[in-house]
C-alpha cells in the first residue's frame, strides 16, 4: 500500500487526538452517575449497531462486482435498498412509535443479520432480497435508536442539555472510531487473512447478535404519545400535520433529505471516482480514513454544541457550503487535471486531490450528524418522532433511486455536480430555518412578557 495513505491517516489521527486533548472544562459538562451509566449503555449498543452497518460499507460494491455484475446491475441492487427504505421506512417508523422503540431496535438487528446472510449467494434475486432487508434495517437504524434515546432520556428526568453530549459521543464513537476500526478490520479480513469480500458481512452479523443480547435485558420499552390513537393511519396523520403546520419541521426535513441524499450518492460514487481506470486502491483503508475524517468532524461538533454560541442553526450553513464545494471537485478536476489512462496502476494525481476533498466532505458529515440530531430533538414532537423522521427519508430515497437508476446514463462528474447543487440548496434552507426559529423565539418571548405584564396589572378579585 502506498505511503500516501499512511501519511493521510496518520496526519488525521494526530489532528483528532490534538483536538480531543485540547478540550477545556468549558467543553465538558458535569453529569450525574445515573446519566453516565445510561449514556454508556446506549453508546455500547449504538456502537455495535453501527459496526454492523459500517463493516459492510467498504466491500459491498466490490462484492457485487466480484460476483460478475456490472455498474448498472449494482446500481439496481442499491436502488432496491433505498427503494425499500422509502416504501417501508415510514411504516416501520410508525410501528416503532406504536409497538415500541426497543422492539424496533431488535428488529433492526434481526433484519440486518438476515441481509448479511444473503451475501453468501451469487444469485441476483437473493442479493436483491438482502438489499430490501437492508433498506428496512437502515430506516430503523436512523430513527428507532434516536427516538428510544430521546424518549428514555426525558422519561428518566435527565437534563435536556445532556442530550447533546450523548449525540456527540454517539457520532464520535459510532460514526467515527467504530467506523474506522470496522474499515481496518474489514481490510484485514479480506486482504490479510484472504477470507474474501463476504467475511466482513459475517463479522457484522455476529456484532448485531451481541447487540440483541445487550438490548433485551437492559433496555426498557417506550412508545409515542399514549394519548394518540394507536391506529397506523392516525400516526401518519399526526406526522403529516406536524410537518405541514410547522415550517421549521418542514425545513428540517428538506435539509436532511438534501444532505443525506447527497451523502448516500457519495457512498456509491467514491469507489469509481478514485479508481476510474480500475486503479489498485485499498478500499478498507480509504474507508477508515474517511471515517477518521468524520470522527474529526464529530469532535468539532461536540465543542460547538457545548457552547451557547454559535447556534447550531448558524454554523451548519457554513458546513453545507463547504460540503457543496468538496463534491464539485470531481467536476473541476476533470477540466483542470489531465486524466490518467493507466490501467490497474496506483491512484492518480487527480485521485489525490479528490481524496483530500472527500476527507473534508466526511468531516462535514461528522459535524452534520450530532447537529441534525440536536435540531430534531428541538423541533420534532415526541408523539410521532419515528414516523416523522422516516417521512424525511422518503424524498432522499427518491433522489438516490433516481440517481442510481441513471448511473450508466450520466458521467460521474454530472452526478457529483448535482449533489453539490443540492448541498448548496441545503445551506440556503438552513439560513431560512435560522431566521424562522429566531422569529418564533422572539414571538414566544414577547407573548411571555405580555402575559407577565397583564398578570402584574390585573385587579385582584376579592
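Using N, Cα and C of the backbone, Cβ positions are placed for all residues, glycine too.
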Next on the checklist: According to TrEMBL, transmembrane segment applies to one of these ranges: 371-389, 390-408, 409-427. Which one is it?
Outcome noted: 390-408
Checklist outcome for this item: Range annotated transmembrane segment in TrEMBL (choices 263-284, 285-306) is 285-306
Next on the checklist: If I go by TrEMBL, the feature transmembrane segment sits on one of 43-62, 103-122. Which?
Outcome noted: 43-62
Checklist entry - Which one of 223-243, 349-369 shows up in TrEMBL as transmembrane segment? => result 349-369
Item to check | Long-range neighbours of the transmembrane segment (318-337), counting only residues six or more past its ends (CB under 8 A) | outcome: 255, 259, 262, 266, 273, 348-350, 353-354, 357-358, 360-361, 364-365, 367-368, 371, 412-414, 416-417, 419-421, 423-424, 426-427, 430
Checklist outcome for this item: Among 6-22, 43-62, 128-150, 162-186, 349-369, the stretch with the most Cβ pairs under 8 Å to the transmembrane segment (285-306) is 162-186
Checklist entry - Which range out of 6-22, 43-62, 74-93, 349-369 gives the transmembrane segment (198-219) the most CB pairs under 8 Å? => result 43-62
Next on the checklist: Please tell me whether the transmembrane segment (43-62) and the transmembrane segment (162-186) touch - that is, whether there are at least 3 C-beta pairs under 8 Å between them, with each pair 6 or more apart in sequence.
Outcome noted: yes
Checklist entry - Any residues 6+ beyond the ends of the transmembrane segment (74-93) with a Cβ under 8 Å from its own? => result 61, 64-65, 104, 107, 124, 127-128, 131-136, 138-140, 143-144, 232, 236, 239, 264, 268, 386-391, 393-394, 397-398, 400-401, 404-405, 407-408
